[in-house]
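A.B. asks: Please read through the structure below; I'll follow up with questions.
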């Protein structure tokens, strides 16, 4: 199975399944000498892990990271940095009754069509549990970016018809929806609770921002920064749309409204007075804040009875049991941050190699 690696100079390869021994990631190209803060890596994994609130799956996994190689006396060695996260609370018996049925909205049929064989336990490799490995790698990338003054923040912007009306970043970690508007967060929580009672699930939008990004990151034509971001974000399970800057709203604007006028900042650098472009022009970072939005579908695993077929194509009904998220949004927040961090650190390293 190809397609398990991402990046060029800072390249990650993830491995593992939802109900296997564990998951992990190998990072090639991590610069030597980085003082690696393991507590910071664990903190990001804790934000993504299951069982942290009633907005997430009831599966209990500590997601404790183990460094297997690439670190000595607290610093990276420049060799492959390998990290392991063990599975300790898988309950594979939940899937015994449906292992021959195709779950609506899942990759069961497409995996069978491609490989002729699949791991039916929690989706195997297609499970969103794989993103734990990405978050671990992204936490390393964030530490490198922090040395350059680059920071990232993400939050739940909307859930169904409910949308944050204010963006107070101090409120993001103060509620279980990771919404920057505390009043709307309470409405979101109630909406998810109702969906759970209805044996249903909900989708929405996560917004992620990167600040302190210098101008010049990204390559022309096929490796544009926005193309790389799209690649990264669309690889996240459940993500169905990605917008940068004004996104689809740009299609409703005139050029005079969508253009960002150039200005000279107080420090003498060049910037823009607005940011409809989302910090990227011609596929290259402009030094303005990078703004990305991800639309996530409702989780496909719901406890309602649904119609389907079995592997022989015979009609059947299915009820997906087990422990599942009623919405992916709170846990998508750290995953989105991680993927943007991975794109940016790779582009930073490429830019350093691009000119004397």
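Glycine too: its Cβ is placed from the backbone N, Cα and C atoms.
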A.B. asks: For the FMN site that Swiss-Prot assigns to 125, 126, 127, 282, 297, 298, 299, 300, 301, which of the candidates 75, 86, 254, 323 is also assigned?
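C.D. replies: Swiss-Prot names 323 for this FMN site.
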A.B. asks: May I ask which residues of the same chain, at least 6 positions away in sequence, place their Cβ under 8 angstroms from the Cβ of residue 299 (FMN binding site)?
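C.D. replies: Counting only residues 6 or more apart in sequence, the Cβ neighbours of residue 299 (FMN binding site) under 8 Å are 201, 238, 324, 325, 326, 327, 328.
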A.B. asks: For the binding-site residues 48, 54, 297, which Cβ has the most other Cβ atoms within 10 Å, all shown protein chains included?
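C.D. replies: Result of the Cβ crowding comparison: 48.
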A.B. asks: If one measures from the C-alpha of residue 127 (FMN binding site) to the C-alpha of residue 48 (NADP(+) binding site), what distance in angstrom results, rounded to a whole number?
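C.D. replies: Computed Cα spacing between residue 127 (FMN binding site) and residue 48 (NADP(+) binding site) is 14 Å.
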A.B. asks: What is the interatomic distance between the Cα atoms of residue 125 (FMN binding site) and residue 48 (NADP(+) binding site), given in whole Å?
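C.D. replies: Spelling it out, the Cα of residue 125 (FMN binding site) and the Cα of residue 48 (NADP(+) binding site) are 18 Å apart.
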A.B. asks: Can you give me the same-chain residues 6 or more apart in sequence from residue 301 (FMN binding site) with a CB-CB distance under 8 Å?
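C.D. replies: Listed in sequence order, they are 103, 105, 106, 201, 320, 322, 324.
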A.B. asks: From the Cα of residue 48 (NADP(+) binding site) across to the Cα of residue 297 (FMN binding site), what is the distance in angstrom?
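C.D. replies: About 18 Å separates the two Cα atoms.
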